[in-house]
Amino acid sequence: MVNSKTNYTVPFAIMSFLLFLLGFVTWINNILVPFMKVQFSISESQAQLVSAAFFSAYIISIPVGGIVKKLGYKISVIIGSIITGIGCAVFIPALGIGYTMVLAALFVTAIGVVILQVAANPYVIALGIPETSASRLTLAMAINSLAAVLAPVIGGYILSSSNGDISVNESLAKTMFIVLAAISIGTAVLLVFMNLPAIEDETNDSTAGEGRRAWSYPHLIFGFVAIGMYMGLEVGVGNYFLNYVEYNVQGKTMDYASKILGFYPLGFFIGRLIGAGLLKKYEVSKVLLVNSVICVVLLATFFITKGSTFSIWPLIAQGLFLSIMWSVLFDLSMKDIPASAAKLGSGIICTGVIFTGMWMFIMGKVVDSTATVTNGIIDPATANYGIAYAFFFLFYAYIIFFTLKGSKIRRSA
């Protein structure tokens, strides 16, 4: 139990900074996909292994929850920061060794990010009185979204294009990862000497049996899949956006695309600020349903106008309406889950993120199938990148099903 009279400004600022850091590291993957295609002369599906390597680390979400419980939030955050820093540092020599080593470095980085994610979010919620926990987390996630706005801006300096040819600035990419490594490890060192308030875990270990039965709640399992579908949407827009604009929109370049992409996470930032108020006023499932339907309309508009400059904006606009989906899907999935099963339930839901890499790889395969192949080499300029977004209809259909039906199914007594 926290002391309501304690000033939590400094620890909240630290946790918010860490969420900013992991947000930047996560969203920079959108830039790394086209970067890797050029750097290693690989296909779209091979480049999408960047997402597979990064998001597959979320499979450890459940055991990480146990580690956080055993070691405490402070030690866990320090460990997460160090591992993130090591992964970023290894990325630099990995670029000179080969693509497999780059993927390994990204996986290590992602392990650190997962630990930070699992530890920082509940810590922010616990820093203060329960009545203001939602506003604290909303503010912290808004700061996380600002990192997502910054990532494509920096990425615009790493990637450039001229007459359809994309070039990369390898030295700048290495510098960026050196800075990320230094910040991550430096933050860990700083935390060692800081006195962060301890948050007591009120879960009774005698109810561990109920925790193991978290898998028996149907709506939680449906929610686990819903998170996987949602992540396909959130990550998919950015992962294919740069190449879509460069190769499928006449008269536009990678430079232009990287600048415009920043409006997508900006939509998340604005949407979360607005959504915090709407979710207090209206039933969360209705807000989710309305947002999902609006996104389907935007997606249909994209396909109707595909190839035109206008088609860019229905993709970007989805960020505004996707912004509240993670929190609402999480909330609906955890409804009526007993406190004793909450930690495992939370871990199960977060593990749904591993679907992201699978979706990106499959979508990449479909894109590759539309390209011209000469002597076994895929010509990226001939691929139809917009076709990848057809998968979004499946993702939205499932989220609508979960909203109307899946989230309401309860296990038999």
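The backbone N, Cα and C atoms fix where each Cβ goes, and this holds for glycine too.
TrEMBL entries are annotated by machine, without manual review.
Noted in TrEMBL for the protein shown:
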- 11-413: domain 'Major facilitator superfamily (MFS) profile' (DOMAIN)
- 12-29: transmembrane segment (TRANSMEM)
- 49-68: transmembrane segment (TRANSMEM)
- 75-95: transmembrane segment (TRANSMEM)
- 101-125: transmembrane segment (TRANSMEM)
- 137-158: transmembrane segment (TRANSMEM)
- 178-199: transmembrane segment (TRANSMEM)
- 220-242: transmembrane segment (TRANSMEM)
- 262-279: transmembrane segment (TRANSMEM)
- 286-304: transmembrane segment (TRANSMEM)
- 310-332: transmembrane segment (TRANSMEM)
- 344-362: transmembrane segment (TRANSMEM)
- 382-404: transmembrane segment (TRANSMEM)
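Outside the transmembrane segment (220-242) by six or more residues, the chain places 27, 29-31, 33-34, 48, 51, 55, 152, 159, 214, 254, 257-258, 261, 264, 295, 315-316, 318-319, 322, 325-326, 329-330, 332-334, 337, 345, 348-356, 359-360, 363, 367, 385-386, 388-389, 391-392, 394-396, 398-399, 402, 406-407, 409 with a CB less than 8 A from a CB of the stretch. Within the chain carrying the transmembrane segment (344-362), a Cβ under 8 angstroms from the stretch's Cβ atoms is held by residues 45, 48-49, 51-56, 58-59, 61-65, 117-118, 211-212, 214-215, 217, 220-221, 223-229, 231-232, 235-236, 239, 329-330, 333-334, 337, 391, all 6 or more beyond its ends. Proximity of the transmembrane segment (310-332) to the transmembrane segment (262-279) is established through 3 or more Cβ-Cβ distances under 8 Å for residue pairs spaced 6 or more apart. Only residues 6 or more beyond the boundaries of the transmembrane segment (286-304), in the same chain, are considered here, and those with a CB under 8 A from a CB of the stretch are 233, 275, 278-279, 311, 314-315, 317-318, 321-322, 324-325, 328-329, 332, 386, 389-390, 392-393, 396, 399-400, 403-404. Across the candidate stretches 75-95, 101-125, 178-199, 262-279, 382-404, the maximum count of CB pairs under 8 A to the transmembrane segment (49-68) is reached by 101-125. Contact counts against the transmembrane segment (262-279), taken as Cβ pairs under 8 Å, peak for 137-158 among the stretches 75-95, 137-158, 178-199. For the transmembrane segment (178-199), the residues of the chain that approach it from at least six positions outside its boundaries are 2-3, 6, 8, 10-11, 14, 17-18, 21, 24-25, 72-74, 77-79, 81-82, 84-86, 88-89, 92, 112, 122-123, 126-127, judged by C-beta separation under 8 angstroms.
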